[in-house]
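Structure first, commentary second.
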Amino acid sequence: MGMGKDIFEITVNGLKLVVIFLMMVQAVPILVWLERRGSAFIQDRLGPNRVGPLGLVQLLADAVKFLNKENFMPQTAKPFLYYAAPIFALIPGAVAFSAIPLSSPIQVGTFEMFGSTWGPYTFLVQGYDIGVGIVFILGVSSLAAYTLLMAGWGSGNKYTLMGALRASAQTISYELALGLSIVGVIMLYGTFNLTEMTLAQQGPLAFSFLGHTITANWLPNWGIFYQPVGALLFFSAAFAESNRLPFDLAEGESELVGGFHTEYGGFKFNMFFIGEYGHMMIASGLMVLFFFGGYTIPYVSVAELNEWAAGVASTAGKASALVALIHFLVFNIKFGFFMWVFIWVRWTLPRFRYDQLMDLGWKTMLPWALANTIITAFVIYIASL
């Protein structure tokens, strides 16, 4: 029985990974459409509006175009690196996003399957729950720098190599500020576990300082009210990590040469594009999780929502599923807002020069992140006296 349950859990976790990856890939065309319509709205034009209602079928036309383009490889390219780079571009985003809790767990009661009794079972609405979720996500996301170098070196083109070196230097530079910006959050909540961080942000704002409990019922208990500087630094560094404007020095979409993926076209280019949106999704998901309560509803604790659902649903399993559905919708509303901010900023701010980009990362954001970490540690120590 124990072996069967282990196989069952491995199968369920494998299926969840596949489903989350498919959700990410399927979300990309919708985000592309939203970006096109959003940029048109910002620039006072129409955007895609000819193919289908509101231009929605344009997504299918683009997919067919990418799949039917000629597959070629430059003579000077290194075949393994050239073909492996777009594949590996998808992996960090999908694997890292799978570790983010998208909703509260669903409690499944006992049930019969394959002639055996199974359960009770706690179904996590995430690919996998590991105790050091933050470290895992940052570690996997950082592998994207290798993808850039693989594409630049494997293309056998000096311009793609220079673009890859610039892009990887940018990514590595801002990873320092990105990592330090959330050290304050880790110290504040005292855990690396993402679910525990989410649950720590339930209800209205309340904290203890020098033996006194301070409450503000008109504010949600979100991390941004404890770490406003960390939130600003994290979100700014996330733009640089995902190579989005105003930090798109890796490619420069308005220029003739596309940086590290100059020699890629068709579906191979599209895979890099999906990878970029994957990093945007990770950044938006982590922003929601660290600083905006994750899947929790503002002012409402999980226990209060469970109590309400128990009075509405006929069984405990249905009540748990209802709570998970509500939390999933809440997470996606917050998540969608930050995805829109990525689009909004791209079509609003101009691009930095490369020297400005490096100065901002090393001379401004890194010192501020260090100062925020030191001050947070000092305040937590004083509050504990």
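Quick reminder: no glycine exception, Cβ is built from N, Cα and C everywhere.
Here's what Swiss-Prot has on this protein:
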TRANSMEM  14-34  transmembrane segment
TRANSMEM  80-100  transmembrane segment
TRANSMEM  130-150  transmembrane segment
TRANSMEM  172-192  transmembrane segment
TRANSMEM  219-239  transmembrane segment
TRANSMEM  280-300  transmembrane segment
TRANSMEM  325-345  transmembrane segment
TRANSMEM  365-385  transmembrane segment
With the greatest number of Cβ pairs under 8 Å to the transmembrane segment (325-345), the stretch among 14-34, 130-150, 172-192 is 14-34
Touch test for the transmembrane segment (80-100) and the transmembrane segment (172-192), at least 3 Cβ pairs under 8 Å: no
Tertiary contacts of the transmembrane segment (130-150), defined by C-beta under 8 angstroms and 6+ residue spacing from its ends, are 81, 84-85, 88-89, 91-93, 95-96, 99-100, 164-165, 167-168, 171-172, 175, 178-179, 182, 186, 192-195, 241, 250, 260, 275, 279, 282, 286
Exercise for the section: Count the Cβ pairs between the transmembrane segment (365-385) and the transmembrane segment (172-192) that lie under 8 angstroms and are 6 or more residues apart in sequence, then report whether there are at least 3. Expected result: yes
Sequence-distant contacts of the transmembrane segment (172-192), meaning Cβ under 8 Å and at least 6 residues beyond its ends, amount to 131-135, 138, 142, 145, 200, 223, 226-227, 230-231, 233-234, 236-238, 240-241, 247, 286, 290-291, 358, 361-362, 365-366, 368-370, 372-373, 376-377, 380
